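> First the structure, then my questions, so here it is.
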Amino acid sequence: MPMICLSDFEAYAKNHLPKMTWEFFAAGADECCTRDDNLLAYKRIRFRPRMLRDMSVMDTRTMLLGTEISFPVGIAPTSFHRLAWPDGEKSTARAAEAMNTCYITSTYSTCTVEEIAAAAPNGFRWFQLYIHRNRALSEGLVQRVEAAGFQGLVLTADLPYTGKRRADIRNNFQLPPHMAVKNFEGVFEEESCSEYGFPPNFIDPSISWNDIYWLQSLTRLPIIVKGILTKEDADLAVRHGVQGIIVSNHGGRQLDGGPATIDALTEIVDTVQDRVEVYLDGGIRTGSDVLKALALGAKCVFIGRPALWGLTYKGEEGLREVLQILHDEFRLSMALAGCHNVSEIGRNLVQFSKL
């Protein structure tokens with residue numbers, strides 16, 4: 001059967017992954033209201049398309065902090081890619097490089113940052129960071145990331161503690177014994193690693209805005225803060241000198257009952273006023289979703305679960321197919337809405353449904 005849309009890859013992954021793995025990838029927190037609303041919120045937005053605009057020449061390219069990408073869809077940080085495909089994050093990096101877009105590698109990778117960089121030496125990559133209670137571990141990882149040629153540091157702000165994901169608790173989710181969180185391999189051998197491959201209380205819950213300054217003292221890399229959902233925090237992020245904001249609710253895996261990311265986007269864009277770049281993840285399933293997010297002010301969107309579905313299907317090739325489908329759907333949506341390039345996509349392109 002041909003794979004023609006992202007839901008085809010979702011169905012394939014659901015049918016082919018072990019139940020525990022599928023539920024780990026799919027899980028939201030508590031009742032999954034926020035996870036589900038991330039998708040439903042796009043259905044409440046309608047286009048105001050323009051006609052007779054000569055769409056014979058079009059351009060989907062954009063820039064992320066000065067680096068050109070082929071279209072405004074990157075790969076969000078998700079953990080444990082070897083659960084989806086044997087080569088894990090190495091395949092993810094190759095697919096992103098082939099499609100000329102940005103891949104944000106997770107702290108929870110099943111390949112090391114050095115292996116990922118070697119797999120796609122010309123790739124454009126940022127690194128997502130969780131801060132460990134032992135700050136020296138995080139400091140060492142930041143130095144390795146910079147040495148490996150990563151071009152940005154993404155600090156996750158929404159996880160002082162892990163959200164309550166019922167499926168993982170019921171399944172007693174564990175990494176298989178032949179896999180490890182490779183960037184920390186050998187560090188925790190004396191401790192029992194219960195929570196997602198780490199010892200309990202691995203992440204430092206005392207993290208605060210002052211840690212932005214700490215990170216700036218460690219690295220010259222631009223810092224992007226991920227997990228912002230309000231104008232108040234967007235303003236604090238700008239005032240603390242970050243270069244970018246990812247509007248994110250962690251795929252609905254942290255606080256259940258928070259806003260869908262597309263609904264939170266507008267107040268953040270209006271507050272930031274082009275002082276930093278604003279991106280978004282959560283709920284992107286079609287090229288028209290990408291167009292809606294850009295119309296409401298996102299510079300770029302990032303996909304999480306769909307990347308894992310693509311890896312499950314055929315590794316690097318499967319993920320390239322997912323990205324190519326989104327690219328083609330986005331280009332077609334732009335054409336049908338009357339936008340020649342990303343700079344023409346603005347808020348006058350959308351309206352919220354009266355229903």
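Here the Cβ of each residue, glycine as well, is placed from N, Cα and C on the backbone.
Whatever TrEMBL says is automated annotation, not expert-curated.
From TrEMBL, here are the annotated features:
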DOMAIN    1-355  domain 'FMN hydroxy acid dehydrogenase'
BINDING   Ser106, Gln128, Tyr130, Thr156, Lys226, Ser248, Asp281, Gly282, Gly283, Ile284, Arg285, Gly304, Arg305  FMN binding site
BINDING   Arg165, His250, Arg253  glyoxylate binding site
ACT_SITE  His250  active site, proton acceptor
> Select the closest residue to Tyr130 (FMN binding site) from the following binding-site residues, measuring between CA atoms: Arg165, His250, Arg253.
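So, of the listed binding-site residues, the one sitting closest to Tyr130 (FMN binding site) is His250.
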> Between the Cα atoms of Asp281 (FMN binding site) and Arg165 (glyoxylate binding site), find the distance and write it as a whole number of Å.
19
> Taking the Cα atoms as reference points, how far is His250 (glyoxylate binding site) from Lys226 (FMN binding site) in Å?
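Rounded to the nearest whole number, the Cα-Cα distance is 9 Å.
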> Let me know how many other Cβ atoms fall within 10 Å of the Cβ of Asp281 (FMN binding site).
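For Asp281 (FMN binding site), the count of other Cβ atoms within 10 Å is 28.
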> Suppose the glyoxylate site is Arg165, His250, Arg253. Which further residues of the same chain have a Cβ inside 8 angstroms of that site's Cβ centroid?
Ala27, Gly28, Ala29, Arg35, Thr162, Gly163, Gly251, Gly252, Gln254
> Report, as a single number, how many Cβ atoms besides its own are within 10 Å of the Cβ of Tyr130 (FMN binding site).
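If we count other Cβ atoms within 10 Å of Tyr130 (FMN binding site), we arrive at 18.
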> Quick one: average pLDDT across the domain 'FMN hydroxy acid dehydrogenase' (1-355), no decimals.
96
> Once near-sequence residues are set aside, which residues in the chain of Arg285 (FMN binding site), 6 or more away, have Cβ atoms under 8 Å from its Cβ?
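Once residues fewer than 6 apart are set aside, Arg285 (FMN binding site) is near Leu6, Ser7, Leu39, Tyr42, Pro306.
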> List, in sequence order, the same-chain residues at least six positions removed whose CB sits under 8 Å from that of Arg253 (glyoxylate binding site)?
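Within the chain, Arg253 (glyoxylate binding site) has Cβ neighbours under 8 Å at Ala27, Gly28, Ala29, Arg35, Gly163, Arg165.
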> Measure the Cβ-based neighbour count of Arg305 (FMN binding site), defined as the other Cβ atoms within 10 Å of its Cβ.
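By my count, 21.
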